[in-house]
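S.K.: Let me begin by handing over the structure; questions about it come next.
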Amino acid sequence: MTTKQNIKRYSRKELEELMQSIGEPRFRAAQLHRWLYSDRASDFHEMTTISKSLRETLDRKYFLPQCSMSSTQCVEDSSADSTTRKFLVQLHDQEAVETVLIPAEGRNTVCVSTQVGCPLHCSFCATGYMGFTRNLNAAEIAEQVFLVQDYLDAIGCGAVTNIVYMGMGEPLLALEEVIESVGILSDTTYRLHISQKKITLSTVGLLPEIGMLARSGLTTNLAISLHSADQETRASLMPSARDYPLKELRKTLIQYTSETGQPVTLVYMLLKEINDTQEDALKLVRLARSFLCKINLIDYNPIVNIKFDSAGEQRKNIFIRTLVDAGLNVTVRKSHGSSINAACGQLAINKKLPESSTL
């Protein structure tokens, strides 16, 4: 007996090729894609705009996997100033990822995961200590947003307005699937469509993939997990920086901003006595003056058995003042969901964290 294939593994282009290979007109692919990602059919026989014979062929050869989550897999932040919610999203192969809803300032932002685990092992990030299992496909990325929208509909709290690819994993290691998922989520003819201007992709700074992203035609925002403008310090925090040093990252970001005309966001987590001195701030000033950018400062979010501390208010204020006095565009991002391990760097599923880790 032939094993059924996952129809959601096919990109939009691959669906066109599939339809042509079985003698169907090319437009059938568009109909099928709409049923999958706008109407969100759970069975081929629901696809009434497609001929019965094609529905039967698809049902015989393919299956329609569904991601899922339940109310019991939702954790709410109980702090007075946050309504962040963290969801456990079950994938069809029994793997799972965490997805976060951040309602704030009139927006509903969804933070999506792109990998089960992460292979990059950033020292301040819980996900890296999970190890790495696999990339998500485009459907699994998009369905995280669909499921959160279902949740918002159920509680009467509006629509998803923004998406950040800042959950579990390194998005640019799954670049093809990420690009395909952005296409699904931003299709203006679909039921749920988010402007690409309200979608942000994050990366530790994978240089070849940043170049590919610049040429992809997407108009999404790009955030760089920087965390230090000193090469030695950055490499000690983020092993990937050894392969992609700051000197080369700077050149790539100059080219990226020149090609796209869009600023990048430099994300900088302030860590006590590691990257929070005035000298560190001045190094960041010199780097940031090289290309069009804005700087997003964030506090360290505690992780069990990882011995970092947040910079104190005095050191943080001196750091901020140094950047502002240099004329840089600086925002201080409020962490949402730290009390439920849903903030930046805290996402991890049922994996043992290290007994002790420090720089």
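Cβ coordinates are placed from backbone N, Cα and C, and glycine is handled just like the others.
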S.K.: Looking at S-adenosyl-L-methionine binding as recorded in Swiss-Prot, which candidate out of S186, S195, S202, S258 goes with G169, E170, S225, L226, H227, N301?
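M.R.: Looking through S186, S195, S202, S258, the residue Swiss-Prot assigns to the S-adenosyl-L-methionine site is S202.
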S.K.: List, in sequence order, those recorded positions among E98, C111, H227, N301 whose Cα sits within 10 Å of the Cα of C125 ([4Fe-4S] cluster binding site).
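M.R.: The recorded positions close to C125 ([4Fe-4S] cluster binding site) (Cα within 10 Å), listed in sequence order, are N301.
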S.K.: When a 10 Å sphere is centred on the Cβ of S225 (S-adenosyl-L-methionine binding site), how many other Cβ atoms does it contain?
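M.R.: So the number of other Cβ atoms within 10 Å of S225 (S-adenosyl-L-methionine binding site) is 26.
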S.K.: Quick check: in three-state DSSP terms, what is L226 (S-adenosyl-L-methionine binding site)?
M.R.: coil
S.K.: Taking only the Cα atoms, work out how far C122 ([4Fe-4S] cluster binding site) lies from L226 (S-adenosyl-L-methionine binding site), in Å, as a whole number.
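M.R.: C122 ([4Fe-4S] cluster binding site) and L226 (S-adenosyl-L-methionine binding site) have their Cα atoms 11 Å apart.
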